[in-house]
Amino acid sequence: MKRDQSRLRKSLALLVMSSVLLLSACSGGNGNTEGSKESAPPQSAQPSDSGQTPEEEPYKISIMMQSFDTNLPGADSPVIKQLEEYTNTDLDIQFVPNSSYPDKVNITLASGQLPTIMVVDKSPSFISAARAGAFWEVGPYLKDYPNLSMANDIVLNNSSIDGKNYGVYRGRVLGRMGLTLNQVWMDNLGLQPPKTIDEFYNILKAFKEKDPDQDGKDDTYGIVVTKYAGPWDIMQVWFGAPNGWGDDGSGNLVPTHMTPEYREALKFFRKLYEEGLVNEDFAVMDSAVWNDPFVNGEAGAFVDVADNARRLNASMQEKEPRDESYTSVYQAPVGPKGHRDMPTTGYAGMLAISKSAVKTEEELKKVLAFIDKLGDVEMQLLLGYGVEGTHYDMVDGYIVPKENLEPAVLQQYNGLNQMLPFIGPVAPTLEQTPINNMIAEVQAANEKIVVANPAQPLVSEVYAQKGQQLDNIIADARIQYIVGQIDDAGLDAAIKLWRETGGDDYIEEINKLYKESQQ
Amino acid sequence: MNSKHDSIGEKIFDGFNYLFLGLLALVTVLPFIYIIAGSFATEVELIEREFFIFPRDPSIAAYQYIFSTDTVSRSIVNSVIITIAGTLVNLAFTFTMAYSLSRKDLMGRNIMMNLVIFSMLFSGGMIPGYLVVKELGLLDTYAAVILPGAISAFNMIIIKNFFQELPPGLEESARIDGCTDLGVLWRIVLPLSKPILATFGLFYAVGHWNNFFSSLLFLNDHEKWPLQVILREIVMLSQMAAGDMSNLDPNFVEPPDQSVKMAVIVVGTLPILLVYPFLQKHFAKGVLLGSIKG
Amino acid sequence: MNTALRSESDASIRKAIPRRRRWLSKLKKDKWLYILLMPGLLYFLVFKYLPMWGVLIAFQNYQPFLGFWNSEWVGFEHFQNFFANPDFFRLLRNTLILAVYDLVFFFPAPIILALLLNEVRLAFFKRVVQTMVYVPHFVSMVIVASMTYVFLTTSGGVIHELVSAITGKSINFLADTSWFRPLIILQMMWKDSGWGTIIFLAALASVDMEQYEAAVVDGANRFQRLIYITIPAISSTIIILLILRLGSFLDNGFEQIFLMTNSLNRSVADVFDTYVYFVGITQGAFSYSTAIGLFKSVVGILLIYGSNRLAKRFGREGIF
């Protein structure tokens, strides 16, 4: 079989070559054979015989990860050189543009030639590959490493598959959400930060009706929302609706849209829409321009990641510089069921180690040692901010990026932060401006009020098949309810449709998996 | 085509026709003009004003920014290489096959036509296609971007039909003069097919220029990426809602400026836009058949 | 029995000799044609037919890492799920209506535009207009969707304001289900009508000028010349494009529809292509989406062969 394949391969290559030759004979040669003449470069770093290799020899590691930038460091980047020196490795970094990353993961899995480390999500094809033994189960090893042993249990649980960890998660702030308000408007109207949902409502109402920008015109409203439904998801948790799934009191999980708290939240949203406290066109609004109404002084509230307060402030400062911050950011207001907010999953993908590139446990330990070292403060700084003195300076223990750096210099470390697991000691941060401090406070305080999704680690077959379809039914009904196209009966009908389309099977499966995982 | 013969009705038609086409041209080109204007505008202006033709205080900062590293200029070179080499391969493969299949007496022609049409509708999909390219050892070469699309069945069929409509007498006479089929294609058919060559050369070239997906699949080395990969990424990133950014590390990633996005669109579109006017002279009326027949 | 077989085969061999000779002589006569055919044929075999096994994953639960040989076979399960899906008829209906709109309104647009351009005698004006209408083809769909929002939004979109000033009512173009399909077709027209004219202009370029001159001498007016010379000259191109278009009849252009869909118009916006995205790509169900693709392809191939036969019955060329 194998031999047949390689013979086939050879003859195919011959055929293609000959057709190219034939073609050039016919048309007088148009000289495009450059591509086929080049020999294929090595696909992935095959670790050299580790048994004989002396300790000092740099260990070869290939990494595949997303890029969120187009100016990427070349192999000659001094930052990569420093990284290689520090970790005693020989790195081959493959950047893949974020928008096509899932495709690239799938074809890489299909090709069977995986890089040493691959950043992956818990996608069905990764889950299936992990179950089939394509990746090392790293969970049991983590305790042996100084940084990796500090991994957060909640996040480890969230990122697990069938209770096992097939990768080192890339940590993110768990309690990242926040309520951003226009501080100028707050001051103009003499308002205090909202403690409860009623106060939150009153602020939105005042933003709409009390002329917060003091221009004498009725041209403002409360909160801006777009086609992207994130803000609704966040705010319904404030009202006590579970995050995704919740315990119904008898130990069974129910989806959030089947709880009374969900309905309460929707009634509130509907009131916001009826009274014009949210933008009229939110259901169709292009999320690329989400920030614009806030920056232009049309809307005064923004519910999303807390750190967006910095972005909004920066845009407004660019318009008209002001000594103080234009924005302020607060924790979620307290709702009828107490102080609650939506968390993130606490991680963004995992660094999975493939068995096709890493054959032995001994090698696995080398790779884990590399990932462990990425948690060191030195590496967090190097990959996140570049080289001290070149890209940033340390002032009073804070990082101050050099101003007006040439993009070509910035390029030396661009995108490398994508390999950081952020498991380890806390590294120095950017210089603390008032708004940055506020964001940090909110996110730290959020840790205590975030509501975990108990179904997060569960892998549902039904959801893999019909998940998006099911989600759409509920998401659409929610929007239609808010804008008043359907009433409570319509919402009930949508939930019934959801259950019939596969929702009931989904509930049953989740509960079964949940009970199994509890044991 | 003598205007002296025009009736009043025809003159009215002409008037409306010019007016309609003029307006249409304006409507189609306005958004692009906005993109050009936006590429010279400041961020503040882009957030404040929804649509404008003249930026308030024009600046070339966005262009300075995108050309300050070699990423964009290198990718333009890559795009040009892929486009030129790819188009030549396309034309050679497509025209030879179309010419052979345009001969109705060719044995096996029907089987091959069925083969071609079937492949238009049924395809193995992304993964099997990738595996073939990989097995051929073409990964990370431009051949991987060019060869898998060497013939568009769609274009081939249309070209074949153009060939079928050429007057048969021409080929006959050439063959009597002792030309082989190859000679007929080279000396008679191709010179007659300049508008077709120009048209499909343009189609293929535009296809290569706009293609980002095969480059993403087959080129691992980011220094080999063509411009469209860069352009697409910038457009997608700036489209990413703040909410979708909860996956990103808050300290590092900022979406690119709107003006930079627009400048990249301009840089990515203008070169291929300029190809068309140059090809247009080949679409001039009746350049070929009349002259040869006469 | 053996002998009988042998004598029979002898006879067929004897008969086959002249046939094979004919075959060989034909091959020899057209040897250059076959040589010219080789690169193309090889291309199709290597890059189109070698990966064709991918079609079979419609009958599996394909997982990339397991590969073709190790993935589980499930027979027609995905097809059953697809046809039994409660949404199937809504998807079919939306897909078909949009496909018919496309064929009736969008398909003729480039033809009409090409004919209008053909009537323009100011060469400079013609060239400028041609170049300008061709520009939108290069504007990516993401940008087109963003601009559509900017122009049509009920909070201050220019076109929305204009329409409500004229008609006196506020039309929510982006959310209203009755506006979804016209909007999609208008976007397509804006984006690709100009691009589509190129092929017809090329066809018009091969019209013999002498025919027009003769017609003018015969006293034909412009409308008559259009009907009797220009349109027949491009009719075979129109027919071929139509037949080929029918092959992808059920393709609605995923990206555009995906971008224009929202919670308020989804009931009319959901089509096979977006459904495939939701169940297939985002959930990694390769096999399911391949099965749906296969269904669309079978419909396409029936339409292609059917319409090709129809064209031939009417004495036209068809595609082959």
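Each residue, glycine too, has its Cβ placed from N, Cα and C.
Keep in mind that this is a model prediction, so the values were computed, not measured.
Residues annotated as domain 'ABC transmembrane type-1' in TrEMBL: C:92-307.
The annotation transmembrane segment is assigned in TrEMBL to C:32-59 (among others).
Same-chain residues lying 6 or more positions outside the transmembrane segment (C:96-117) and placing a CB less than 8 Å from one of its CB atoms are 126, 129-130, 133, 181, 184-185, 188-189, 192-197, 199-201, 204, 226, 230-231, 234, 238, 241-242, 245, 249-250, 252, 257, 271. Among the features that TrEMBL reports, transmembrane segment is placed at C:96-117 (among others).
Among the features that TrEMBL reports, transmembrane segment is placed at C:138-159 (among others).
The transmembrane segment annotation in TrEMBL covers C:179-205 (among others).
What TrEMBL records for C:226-244 (among others) is transmembrane segment.
As annotated by TrEMBL, transmembrane segment applies to C:285-306 (among others). Within the chain, the transmembrane segment (C:285-306) has long-range Cβ neighbours (under 8 A, six or more residues past its boundaries) at 54-55, 57-64, 71, 74, 78-79, 81-82, 243-244, 246-251, 272, 275-276, 279, 319.
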Stretch with greatest number of CB pairs under 8 Å, the transmembrane segment (C:138-159) reference, C:32-59, C:179-205, C:226-244 candidates: C:179-205
Same-chain residues near the transmembrane segment (C:32-59), Cβ under 8 Å, at least 6 residues beyond its ends: 68, 71, 73-76, 78-79, 286-287, 290-291, 293-294
Long-range Cβ neighbours of the transmembrane segment (C:179-205) (under 8 Å; 6 or more residues past either end): 97-98, 101-102, 105-106, 109-111, 113-115, 117-118, 130, 132-137, 139, 141, 144, 148, 152, 171-173, 230, 233-234, 237-238, 241, 253, 256-257, 260, 265, 268-269
